[in-house]
Amino acid sequence: VARIVLTTTFSVVVSLMIAVNTVYTIYQANYEMETLGELPPGDREAEALFAGAFLVELLLKLGVHRLYFFCNDDMCWNIFDFVVVSLSVVEFMLSSADFNGKVGFVRSIRFFRIAKVLRVVRALRFVRELRVMVNSILGSLYALLWSILLLGIIIFVFALYIMQHMILYLIDTREDLAGTDLWQRQFRYFENMGSATQTLAMTTTGGKDWEEVWELIQPTGIPCRIAFHVYIFFFTFAVMNILTGIFVDSAMQLSKPSPAEALVEKHRQAQSEYYEMMAIMEAIDLQGSGSLSISEFVQAMKDSRIGHALELNGIDVRIPAL
């Protein structure tokens, strides 16, 4: 069994099954939307095929790795896969059972179909470039949480300052301009801290053109205008660039090969150098005797191509003039 599970062919077959399952789930969702709840023909058989195939895959791996399946270097992926397969099997069993008309319960269980689609993420691990991207995204979540907190504090400070000026302006102009569209928009966009924070956040994330917000802030006075300009430039050119640099550095750290991958690459490079050196030695051994004499070696070094080939392999040959 281990000779089957640990092969590249097995991984490719599993990846193809995951991809086919994802395509079928998309087709299934489209069909249900078009028919408002009806399942496509042969749905039960298809679900049984996928659930059975994924269950067999999981059991084969558990049979080979046993408890080590949950504590090796890929434990996070393995636990994720175990949970998804288990939910898929439970969903199929419940959807196939008779609940005496309790369709709502079965429909809620079918939400687990999303978990089966998430298995496509695990298929990405077999392609190193895609695996690096996934690991970079997952590894950046910790930095993302602190980034969100920092952005929230910055937006909160500027929103509170601008809101204080807006309150004074709206109070002073309430009797004269309360009926105008500008006054109404100023009140609507800055009526509370939530609205003020959302307004400033939208101006720097593409949700709203900051010129539109500038028209609301401009009548409030010079201090508020300056604060708004400082917020726009500081947020766009300083904060975002710094956060981008942090995420890039995190991605660079996570993109480094693992110890196992580095060992495999080192072995591959050593094997490649071995074959290159064997080809050079065979080219020097003109007589094909399997051994080199000093005279053959000295004669071969007169050929600059041989010397350059040895230098490329880290061998610097210097023969003094006799």
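The backbone N, Cα and C atoms fix where each Cβ goes, glycine too.
Unlike curated entries, TrEMBL annotations are predicted automatically.
Look at TrEMBL and you will find 6-27 (among others) tagged as transmembrane segment.
TrEMBL lists 48-69 (among others) with the feature transmembrane segment.
The annotation transmembrane segment is assigned in TrEMBL to 75-94 (among others).
Nonlocal intrachain contacts for the transmembrane segment (141-163), taken as residues 6+ away from its ends with a CB within less than 8 angstroms of a stretch CB, comprise 190, 193, 196-197, 199-201, 217, 220, 224, 227-228, 230-231, 234-235, 239, 243, 246-247, 250. Residues or ranges marked as transmembrane segment in TrEMBL: 141-163 (among others).
Sequence-distant contacts of the transmembrane segment (226-248) (same chain, six or more residues past either end, CB-CB distance under 8 Å): 140, 143-144, 147, 150-151, 154-155, 158, 161-162, 165, 200, 203-204, 210, 213-214, 217. Per TrEMBL, the feature transmembrane segment maps to 226-248 (among others).
Mean pLDDT for the domain 'EF-hand' (276-307) in this predicted model: 74. Residues or ranges marked as domain 'EF-hand' in TrEMBL: 276-307.
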